[in-house]
Amino acid sequence: MSNPGTRRNGSSIKIRLTVLCAKNLAKKDFFRLPDPFAKIVVDGSGQCHSTDTVKNTLDPKWNQHYDLYVGKTDSITISVWNHKKIHKKQGAGFLGCVRLLSNAISRLKDTGYQRLDLCKLNPSDTDAVRGQIVVSLQTRDRIGTGGSVVDCRGLLENEGTVYEDSGPGRPLSCFMEEPAPYTDSTGAAAGGGNCRFVESPSQDQRLQAQRLRNPDVRGSLQTPQNRPHGHQSPELPEGYEQRTTVQGQVYFLHTQTGVSTWHDPRIPSPSGTIPGGDAAFLYEFLLQGHTSEPRDLNSVNCDELGPLPPGWEVRSTVSGRIYFVDHNNRTTQFTDPRLHHIMNHQCQLKEPSQPLPLPSEGSLEDEELPAQRYERDLVQKLKVLRHELSLQQPQAGHCRIEVSREEIFEESYRQIMKMRPKDLKKRLMVKFRGEEGLDYGGVAREWLYLLCHEMLNPYYGLFQYSTDNIYMLQINPDSSINPDHLSYFHFVGRIMGLAVFHGHYINGGFTVPFYKQLLGKPIQLSDLESVDPELHKSLVWILENDITPVLDHTFCVEHNAFGRILQHELKPNGRNVPVTEENKKEYVRLYVNWRFMRGIEAQFLALQKGFNELIPQHLLKPFDQKELELIIGGLDKIDLNDWKSNTRLKHCVADSNIVRWFWQAVETFDEERRARLLQFVTGSTRVPLQGFKALQGSTGAAGPRLFTIHLIDANTDNLPKAHTCFNRIDIPPYESYEKLYEKLLTAVEETCGFAVE
């Protein structure tokens, strides 16, 4: 819908308003997502436009532009509405609005994209409003130059907020909110509306705010005395080009690295802004706790970055913009893959092995232990990973999987392998055949739990235990007994990637070297200790002692395959090369590599291919093998105290008999039975890295959902019921502890299946 209104001459100017997207809109219906559209009104001029409607999303993307004629006293109101509800009653379907006064319009135009917070129509409105809208204002008397290709992937990370509260401990923002009366274009006060007003400060105020935020840049900022007069813009830094998209949107390209950004490099980046769309910037930004000196791309020398990784190629578009082709995964990107080494270096600086500076003042309670800092940094890196993966998830469609419990392995294999990787990234919806459960996360968790129990079972021959008394999984070198074993390993890799992508966990523990191989890191002798202690002890003895009069080995080792003793040469003609004091280090190194890669090269590459189809390899660079193990498998140890302290009670209190008896029963359970209880209620035996306070509930929920004990009014002959999507267990008011224990045990051990109430 569009109403251009009347074109006014004289003092009015033509402005192109681009409405790019909205983010984190309020979800007001539990079972339905809104159909958002944006409405743009130039107050007092009769100009009115509406964007297209985007179906079923809280993060709509429009990328539509409108040419507006704005006078000196005009203001622009942008409101977001739910198309499903606008016809029900007056004001229904309102999701938030923002109003730009004339002063703000003049300040914001030609500054690229800005993210504005949505607010209520009236302060007295009870409906929740949250989220942001990303827009840009551009005068139409400019002529754009350069190419028309632009990388839009980094737009949602551009935290160019127009206003920001400056609470205690927070830096000042370059733009500040200033209360103003609600006036129409004539200046008369108007009633009924209370949209957020945006009033830009003067240049002097912005300079002062920048000085307060970062004293180190005082000398680099222009003062009002030496500032250029008029609207003449300073020159761009060396290596930058200003270009314009087909829709008239201005962006900036760093020609040496091929990185594009909506942020003007001539303007100091406000606190909270992530310059550009490079993932390395995002990692550095979040890991440093939102402290923000913008990264100078001029300091990046392409020669110092070295050659491209294997399988990568540099190409350029018709307009001359450089992009990079990954032939390994058949993908393209504008970001130089060599910049991820910089990101990895920044993350390595956070390792706890480095000494931590002590605070100059404050109590001992304020000091941070290395373990605490390490955990905090790991949580931050995990948040960044989740954010990067969420950007890759399609907004529409579902990844629907329907299997039977009896044939869960084969049916899952057939359905997963016929899907494309981009289909697996859609919202996961799992259904067990013959059951009516709706999957809001709990059914998918149970599906993964049951599938892993089958898929990783050594009975199928894909995996084996590392030793007879250490039950850690490794790839079975004799898996080729199954002619389709490589396809099954590809499937296993996809399942692991699917779990990580959708925030679930794999119920199975692999060896530490397996995770190092997934990260592409070399395996060392120390990695052997947790897998094969006896062999590790023997190889360490060889290194630490003189073997000349003791050992009579060659560079040839024996191994058992299907009852036959086979020999393997660690190097060419190894059977004729004796192990001596001079070459024993080479022998140990080759032996360790052979021990972990013996006959599993093809299997591992197939598994890694499936995993990287959903989790790109460069996103794993900041993590080590222990962290990757936590990302894939979560915590397998259940902390009962953490469980108790992060449990929500519904229709009961901590002193209720039901609650006391429940925890009394849990305390009598062994580790295995506690894990079964947790799986019964949440769908998974694994706990998130942050503990029980981070238990995930329904898919798409804004935050975690705590474990919940719900006392219900039901017949005490009934068994407890679990709602895995909400991490809730419903318990009838049993008369005694013995009855609760019996019913709880029966429900956990003897029942399965989903239904809809």
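Placed from the backbone N, Cα and C atoms, the Cβ positions cover glycine too.
Residues Lys27, Lys381, Lys537 are shown; Swiss-Prot lists ubiquitin cross-link for one of them, Lys381. When Lys39, Lys383, Lys516 are compared in Swiss-Prot, the ubiquitin cross-link annotation sits on Lys383. In this view, Lys383 (ubiquitin cross-link) is surrounded by 12 other Cβ atoms within 10 Å of its Cβ, with every protein chain counted.
In terms of DSSP secondary structure, the domain 'C2' (1-120) contains 7 helix, 53 strand, 60 coil. Take the CB of Lys381 (ubiquitin cross-link) and look out to 10 A: across all protein chains shown you find 19 other CB atoms. Under the three-state DSSP scheme, Lys383 (ubiquitin cross-link) falls in the helix class.
Annotated pair Cys725 (active site, glycyl thioester intermediate) and Lys383 (ubiquitin cross-link), C-alpha to C-alpha distance, rounded: 22 Å.
In the shown protein chains, 24 other C-beta atoms lie within 10 A of the C-beta of Cys725 (active site, glycyl thioester intermediate). Annotation note: Cys725 (active site, glycyl thioester intermediate) sits in a coil segment as assigned by DSSP. Mapped onto DSSP classes, the domain 'WW 2' (306-339) shows 1 helix, 13 strand, 20 coil.
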